[in-house]
Each structure stands twice: as structure tokens, then as C-alpha cells.
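Now, the feature entries from Swiss-Prot:
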COILED    328-458  coiled coil
COMPBIAS  169-179  compositional bias 'Polar residues'
COMPBIAS  180-215  compositional bias 'Low complexity'
COMPBIAS  262-288  compositional bias 'Low complexity'
CARBOHYD  373  O-linked glycosylation site
CARBOHYD  468  O-linked glycosylation site
MOD_RES   2  N-acetylserine
MOD_RES   408  phosphoserine
MOD_RES   418  phosphoserine
REGION    6-143  region '5 X 2 AA repeats of F-G'
REGION    169-215  region 'Disordered'
REGION    260-288  region 'Disordered'
REGION    328-458  region 'Required for centrosome localization'
């Protein structure tokens, strides 16, 4: 055993110790024990050889041991070991509570850990345990059991007793044993522990250097490294199931485990030197879970005069693998983030374009809405004007009817008196003047219509011409020619005047020259 230890059997091992233990040949007990033998660890004082003690025969006994003579000094728990079970157990002796009338084996096994009623139930629950050292503890145990030579078969289902080597399936509590071949736990084990294979102590000859591979990955609480000679794995829900391997690395377990120390995170190589041998431990197995730092199990029937191997801190192996996987994960995450960023930028660009179009359409709609509103106001005004005009026309029509009503009796009176009234000269002139006024009025109306037509024609002709109309193009060409001809005419008139002036000057000079010639020759 290594580390801070309150109990355990075996030879003095490496660690912090203040005394030299005697060589013990009793069967070791591992687990949660307050009785200390000659083991290494944090001890003050050295116990003597263990004395024999009679196991208790009560149903719930506290394993009263025969105290041995102690040496003087300041010691912590130097109780002697009995040939029976050690540790904190309830009813380790002959069980009074037996499920079948079977005889208990005379040789008591080493109940490991915290055992409740470790009676020998051989035929009660359809399981047979054949062991050279003793019967494996049954019941609710928290520690690994002893090493068994012959494999035993266990029935599947809900079992409280475990065979030595068979693979129990289902809900299993306290099933333990050894197997020649390593198996991996299939479900949630609570304490897969590996017994330590340590180097020989000072009282034994040189032993071969055992090499075991154990690795612990995950959160292990107060866990230490122990080498494993053999391994046995259980399937199902097990509490404190030891895992021992023979020549092969133990498989990793995952889940909540009340495991014994013997698991380290990563791959580590540790060399511890005892009196005659060197143990090199290379961790390769991995266990993940929640560990409560139970002590490793020493094989039953083998003296524990061995030195425990101390494991170095976990190496960078597992961290490197995890870093590689995490780096790949980060790269994939970065690529996904970049892809999503590009897609987001593209979508944002499209969204901005569509938002710009929608904004333009919204402005157009707002402007058109304002125009429609103003047009509606104008239409309302026109409707009001039309209503007033209709009222005025109705008023005029009513006045005209009244006037006609007033004129009709007067016309009748005039017709009655027409035969007696003679037309005078003034009346004839008035009639002519009236007819002339009617003619002038008709002519004015025609002139107004003609002026209206002329104005409309001028408006249509003054409008910008259509450039695509060929007539308009021809008109433009003709206008350009006309302008050119006018310019030529104006310039030709100027040239004509200049030519006439030059001609006059030439004629005058010619006459002067002729006159001078005549004077000279005369």
C-alpha cells in the first residue's frame, strides 16, 4: 500500500513511515480498515507479529480482535491482525442469517472493504464459489474481494453475491472476482478498482520486475496508481468491483465510481526502488468517473511484503490527444463561423438592397398619397363650386320662369291691340337697330370661335416637336437651308457693294493714268 494509510496488511512499502514493520504472513485485507499491520504509509510505531483472534459469531458484530502486545512509542492504530477478516464489517463470522442450510467453510475469507453480513451463501442464491483461500464475501460490500482460482458462474439478474470469474449481468452489488482474461465493464460501475502489483520488500529475495499498464482519464478524487496482475470486469450496476488483469492492460471504465486508487490521468512511467527490485509502471488503461480513493486489493493468499509503486504526475499523452481533437473541433467551428459570416454578409447585402428598393417605393407611395390627398381636396372644392353653380342656375331658371309668367299676359295684350296700333318712324328705327345688334352679336360670336381655333392651333404648333417624326426632320433641314440661303444673300450683297467700290477706284485711277500718259506724249 502506498500513500496515507490507516490500515492494510503486507510488508513495509514505500511512503512516509516512522517504523519498520514485521513480516506478516497473514492474508491481506484491503478497503476501509482501521487495523494496521506492517504496511508502509503514514505510521508512527511498529506493530508486532499478528496474533490470532476468534471471529465473532454474532449476526452484527464489530469484529473484536485479540489485542497483541505493542511496543512502546507513539503509534497510530497498531492493532494486530486476526486470521479472519479485517476491516469494518458487520457479522464476518459464521452467519446466523442464512438463506439455506449449508455449512460455512472453515477457512474464512478476507472480507475487503465495508462488508455487511459476509456469510457464506453457497447454495441459497444459486451461486457456487470455489476458492482455495476462502469464500468470497457476499452481501453489500464496498471493497474488492479475494482472488479465486477456479471460476464460478453466477446467475444473471438482481444478485447480491458475486462469482469469482463469471460476468454477472444486471443489477449487481458487491460482485467481485478474478479472471484470466480482461473484460470491459458495459454499464455504470461504481468502483472498478485494480489491485496493486508491487515489488518485493526487504525481507524477501529479489523479485521480478512486474510491469502493469493503468491509466485514469477523467476526474479522479485522491486516486493513486497501482499495477494490475489480473482483471475482472462486471456488467451492470456494481459497487466496489475489482478489476484485475493478467498480462493485459485493463479496459477503461466510465461513470460514477467508488473506485480504489490505481487510476491516473494520462500516460505516466514511474520507477520506485525497494530493497531488491524495481517496479516500472506504465499507465495505459483509462477509468473515468468519481473516485473516493479506496485502497487497492492485494491478492488473497499472497503475502503483502511488497513495496508500492508511486506514480508520477500525469504525462502529456492524453492531453495531447484531447488537444488534437479539440483543435480539430475548433478548426471546424472556425470554418463554420466563417461560412456563416459570409452567408450573413451576403444576406445583409441582399437585405440592404431590398430595403433600399422598399424605401424608394415607400417614398413614391408617400408622394403619390400626398398627391392623391391634394387632388381629393381639389375635387371636393370643385364639387362645392359645382353645387353652388347648380344652385345659381336653378335660381336663374326660376327667375326666367317668373319673367315668362310676367311677359305672357303682356304679349297677349299686345296681340289684341296690334290691329289698332300703327308703327311710327321711331319704332321702325328701333327694329332696324335691334336687327343690326343681333347681326353684330352673331359676327362677334363667330370671331370669338375663330380666335379660339387660332389659339389652339398656335398652341399645338408651338409645342415641342417630336424628333421621331420624319416631317419634323425635313422641316428642320429646310429651315437650315433657308438660314444658309439668307446668310449667303446678305453676304453677297455686301460683296457686291465692295466690288462696286473697288471698280470705281480702279476706273478713277485708270482715268488719271490715261490723262498723265496723254500729257507726257503730247
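Keep in mind that glycine also has a Cβ here, set from the backbone N, Cα and C atoms.
Annotated pair residue 468 (O-linked glycosylation site) and residue 408 (phosphoserine), C-alpha to C-alpha distance, rounded: 65 Å. Look at the recorded positions 373, 408, 468 and count other Cβ atoms within 10 Å of each Cβ; 468 has the fewest. Each residue contributes its Cα atom, and for residue 373 (O-linked glycosylation site) and residue 408 (phosphoserine) these two points are 52 Å apart. Secondary structure counts, DSSP: the region 'Required for centrosome localization' (328-458) has 124 helix, 0 strand, 7 coil. Taken as a whole, the region 'Required for centrosome localization' (328-458) shows an average pLDDT of 92 in this prediction. Under DSSP, residue 468 (O-linked glycosylation site) is assigned to coil, being neither helix nor strand in the three-state scheme.
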